[in-house]
Each structure stands twice: as structure tokens, then as C-alpha cells.
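Q: Submitted below is the structure of interest, expressed as C-alpha cells.
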Amino acid sequence: MEHFYLHFLHGLAGHPHWAEAVVFLASLLESVAFIGTFIPGSTTLFLAGALVGAGALGLWPTLAWAVAGAVLGDGASFWIGRRYKTQITALGPFRRHPDMLEQGQSFFARHGGKSVLLARFVGPVRAVVPVVAGMLDMPPGRFYLINVLSALAWAPAHMLPGLVFGASLQLAGAVTFRLAIILLLFATVLWAGVQLVRLAVAHGVPRLSAWGDRLLAWARRADSRANRFALRLLDANQPAAGALLLMSLLLLAGGWVFLGVLQDVLAHDPLVSVDSTVYRFLRTLHTPWGGQAMVAIATLGSLPTLLAVVLAVAAWLAWRRHWRTLGYWLATAAFSQPLILIIGSAVARHPPPAAGSALFSFPSAHVTSSAVVFGFLAFLLARSTGERARDGWRAVITGAATALVLLVALADLYLGRNWLSDAIGGIALGVAWVAVVSLVYAYHRVAALRVREVASLTAAVLLVSVGLQWHIGQAGAPPPYPAASPVTSIGARQWREAGWRQLPTHRSDLEGDRQEAFGMQWAGPLERIDQHLQAHGWRAAAPLSASRLLLLLAPHTPVMQLPVLPKLNDGTPPALQLIHAGDTPDTRLVLRLWPTRYRVSESASAPAQPLWLGSVAHESVSHTLRLVNIVRIDRQASPAGRSLAALLDAPAPPTTGMPLLLESTPAHKPAQNK
């Protein structure tokens, strides 16, 4: 995947004129009357911006071609309108689609001359307004002035998001493509879950309402016990109208899914095999940074976080004197815990190996509790929305609750705390429990809650709780990674003569592809190596953090202050990263050392020292549009040249082509092959 991407960029870099021609044609055709409606010019500019951000195209030539195409395209449309005037309605496209011209005329009538500028950013009329301007005899000088200004605003506005995206791809590619897989997986699941809920709210609720009206009409036709029950259930004057039907369906759906998963778990049906497959797959996606991020996300469903949300909302309900709602809120959260414990103890399913000392795994306590707390809170808020904004607010509220529960479930799956069936069963049980409580609650007439106050309070509590747990270290550590290979000890002479050949010559990313070559092998305590290098002008790279990453957006940040991107070797991050000033202000050297499974000893009595593989890269920074700093690797610094060997006073032996350095004692300088 990474190789294909790099080859694609190199191919475009070798033929930039073709790419610039495509940008020009797309910008031109998108602005031509009628044709522009079907040309994805904005998408083309986004992709062009991504290529600029990745370094495959130049910024200013690409912008110039995009602006030129946009100006000529609108100019051609203006000339067509000025040439044919009212006769244009007889031309083929406008004769078959008169509504397009009517929309353009209406837009021009509302906004006048500035509509030429505004139409650039309004899809349906962007290619029609210049035609209308020509038809209505807008002065050419005024039109072309606005035309050029609008093109100068339109091209950067559409290229800038792509430029940032391309730079982020460069960042992701420099670290690892596996992080991109994790992000894509999470984004897909979250998008699917939220969209499913949104569609259910937008289409399912109106359809349920229509079915309820039909059932209500049937109930009014006779005076039987069933008819009276249906009438009491569905009468719009009853406080339980509509909500009871929806909650009943959710109860049936949640209960059916939970019992189905429970049956599969008890009978060891194929779902159990899927559990193992998903567990192993997610373990292959582990990275140290992914683990830290998932630990933070998982705290959304931790006991301290959920308890903080429950107590904060309870305090607000008491303050606003919503006593009945307060009772239901506390009962929903409190009684769900014995239910989870009873079911978990009865099933007594063993958790995954990475779950540690958990008593049981089915249903997932984290996921079930999150579904109960966030689900019932979403029900209370959705029920309190106003009639005019109800559907929109319902979609936002239920979508946010769904995203929170899915995030907790996905994080626990990634960390190996639950099986897939544990998460599915936990969500289903939580939904069913919320539906049961909501069915009873919906019978009561209660005052509406202040949705924005409760939503803001919940968001603040989540941010503070997760931040505090992360800061004080209560979030827990990521699960242990697969055990490393056994350590191999070799003598210093054996290592210098032939043992160095047993180590890999190139860095291997998580996909198994060979990357840059290693420039040295160094044996010794990491602290002593660090001291030795810093004595020769190197300095420690700042730890990668969110604030450091934001420096990539600071226009005049010196290259020595920009973050150093950690690169993985066989899934392992570098143990040491140092930087050294380059020959120019915008360049630097970056040294990385990775651990190996080898140890080297000078003699039988001397302690064995860990052996490290190292590389030195020459990096330069370009200030694209003076908004984004893009750090690129120009080349791998030669280990035998001035960039490394002279600084270390360790010439590379001809037999190896790289320095073989050995830290023996603090009093000795690094020994090298003679």
C-alpha cells in the first residue's frame, strides 16, 4: 500500500505538467455553463492539494493553473450569455432543464453582482450564474474583476484541505500505515453506527408513527379488550403515545440479539470462532501509540467516568427539582450493575488473555454500563426536545450516544479486554434494559429537561474525567504485546568478524516492507550512548505530543523544534531519538536507535551489553503556503561520512561499511573494528 502510494507520487513528480493540465481542465470545465454541474472540479482541486502536501506537485504552479482555468471557464459562460441572451433558452441543455436557468436567475436577482463571487461556492448554480450575468448585460469590466477575485479565493479554499490531508498522509506514512488502518476501521464502524441511528430516527420514527395511526384507527372501530388496550397505548392524548411503541420494538430487538448471542456463547457456535479471529486480527494492529490512544478512549466507559456522569446529572436534576426523573435516573444506573453481575457470574465466560484478572467477560461490564448510562440519558434528552427541532435534535443526541458506546466497545476490543460477542451482547443488554425502564417512565407526565444544559454538563464531565484519569495514570496500561524473541549473546570479536551479518540490514515496517538501510550497530547501555552522542553535539528530540504536532502549523518554527516522527522497526519504536543541526537552517540530522535481541560482551567475565541498530536521516523542512511545515527525508546520511562517523570518531571498517561501536566501561571511548 505504501509502496503503491509512493510510486504514484514519484510518477506524478516526474510528469507534473500532466497533473497541472488535469487541474486546469477540471477548473475550466467546472465553470462552463451546464457542463460544470457534472465535472468534479472541487474534488480534483482537493486531490491536487493532497499531491502538493505530499510533495508531488509545486504549490504555486498548481494554484496558477487552477485560477486560470476557473477564470477562463466563467469567462466563456459569460460570453455565451452575452452572445445569445434570451435565445439561450432554446439551446439543448437549457431547453431540457429550464429549472437550472431559473435557479441562476433567482440567485442573481437576490445577490446582484456579488452573485458571481458567491456562486463559486454554491454547487447547483456555480456554472449558471455567469451565463445569467451575460444575459442581463452585466458590465464586462465589473464581471471580470469579480471573476478573477472569486477564482483567487476559490482555488486556495478547495486546495487547502487537500494540502493538509496530503501532509497528514506524509505524517502517517512516516510513522506507519497501520495507524491509518486503525483510524479507518474505527471511522467506518462509527460512521455506520451513527448513520444507522440517524436513518432510524429520520425514517423509522415517522414510519412507526404512521403504523401507530393505522393501529389507532383500528382500535377505535370496536370496543373489545384488545381495542381498549391499543387505544390506551396509542392515543395521542396519553403520555405514553409513540414512545411506548418505539421502546417496545427496541426491547424486542435488544432482547432478541442478546439471547441469540448468549445462545451462541453457551453452545460454542461459530460466533465464538469469529471472536478469536477478530481478537487475533486486532492484536496484529497493535502499536504503542494506538494502545495509548485506546486506553484514553476506553476511559469513557470506566467506572469513575460513568459514576461522575451519573452523579453530575443527578445533581442537576435535584437542583431543577425533577424528582421523578431523578429517581428513574438513579434506579436505571444502580440496578443495571447487579443484573450485569448476575448474568456474568452465571455464564462465567473466561475473558481474553489480555484482560488480566477480570472475573468474567460476558456481557462486557464496560460496554453494558456505557450503553445503559448514555442510552437512558439520550432517551431523556430526546424526549425533551421541542416539537419544531425534534427530529434534528433527536438525530444529534442519539448519534452522540451511539458514538460514545461504540468508541468504548471498539477500544476494549482493541485492548483485548473483551471478545466481540461480549461487546455485542453488552450493547444489546444495555439497549434492552434502557427500553424496559423507558417503557415505565414514558407513562408519566414529566417536565421537559433543558437539553443544552444537560448536554453541556455531560460533555464537560466527560472531558474532565478522562483528562484527570489520564493525567494521574488511573487509565491503566495497554495490554502486553507478544513476547520478544529470546536474547542471543555473542562475543565482541565474533560480532566484529561475522556476527554483525546476522542482524537485518534495513528497517522493516509493520507490513514487512524493507525501508531505509541501517547505518550502524552499537553495543552498550543506552544512557551511556546518549551521553556520548550529546557530547558530540547531538541533543534529545522532544517527545511527540499534541502540542508538538501543532508546531507543524506554526509558520516560522525552526526545524530543530519540529517534532521527530517515530518510525517502527518490526513493530518496535526507536529507543533513542536524537537530532543534530544540519548544514543549513532548514535541515537537520535525525539519529534513531532500535533494540535487537542480541547482546555483546568483550570477554567471558565482562557483562553483556545490549546491541542497537541505528540510522541517521537528513531531513529538510518546506514551509508550504507559509501555513504548514512539511518535514521530508532528503536522504539517508552516510554512516561513513562527516554526518556521523566524524562526529563519533569511529571510521567505518571496509568489511562492514558501517561503524561497529562497543561501549565497554564508562572510562573507555567506544571501541571500533580495526
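Each residue, glycine too, has its Cβ placed from N, Cα and C.
Heads up, here are the entries from TrEMBL:
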DOMAIN    326-438  domain 'Phosphatidic acid phosphatase type 2/haloperoxidase'
TRANSMEM  21-39  transmembrane segment
TRANSMEM  45-73  transmembrane segment
TRANSMEM  144-167  transmembrane segment
TRANSMEM  179-201  transmembrane segment
TRANSMEM  241-262  transmembrane segment
TRANSMEM  293-319  transmembrane segment
TRANSMEM  326-348  transmembrane segment
TRANSMEM  360-381  transmembrane segment
TRANSMEM  393-411  transmembrane segment
TRANSMEM  423-442  transmembrane segment
TRANSMEM  454-472  transmembrane segment
Q: Out of 45-73, 293-319, 326-348, 360-381, which stretch touches the transmembrane segment (423-442) the most, going by CB pairs under 8 Å?
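A: Per the Cβ count, the answer is 360-381.
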Q: Could you put numbers on the helix, strand and coil content of the domain 'Phosphatidic acid phosphatase type 2/haloperoxidase' (326-438), residue by residue per DSSP?
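A: The breakdown for the domain 'Phosphatidic acid phosphatase type 2/haloperoxidase' (326-438) reads 88 helix, 0 strand, 25 coil.
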Q: Does the transmembrane segment (293-319) reach the transmembrane segment (454-472), going by 3 or more CB pairs under 8 Å (6 or more apart in sequence)?
A: yes
Q: Looking at the domain 'Phosphatidic acid phosphatase type 2/haloperoxidase' (326-438) alone, can you tell me the average pLDDT?
A: 81
Q: Under 8 Å, at least three CB pairs between the transmembrane segment (360-381) and the transmembrane segment (144-167) (pairs 6 or more apart)?
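A: The transmembrane segment (144-167) and the transmembrane segment (360-381): touching, no.
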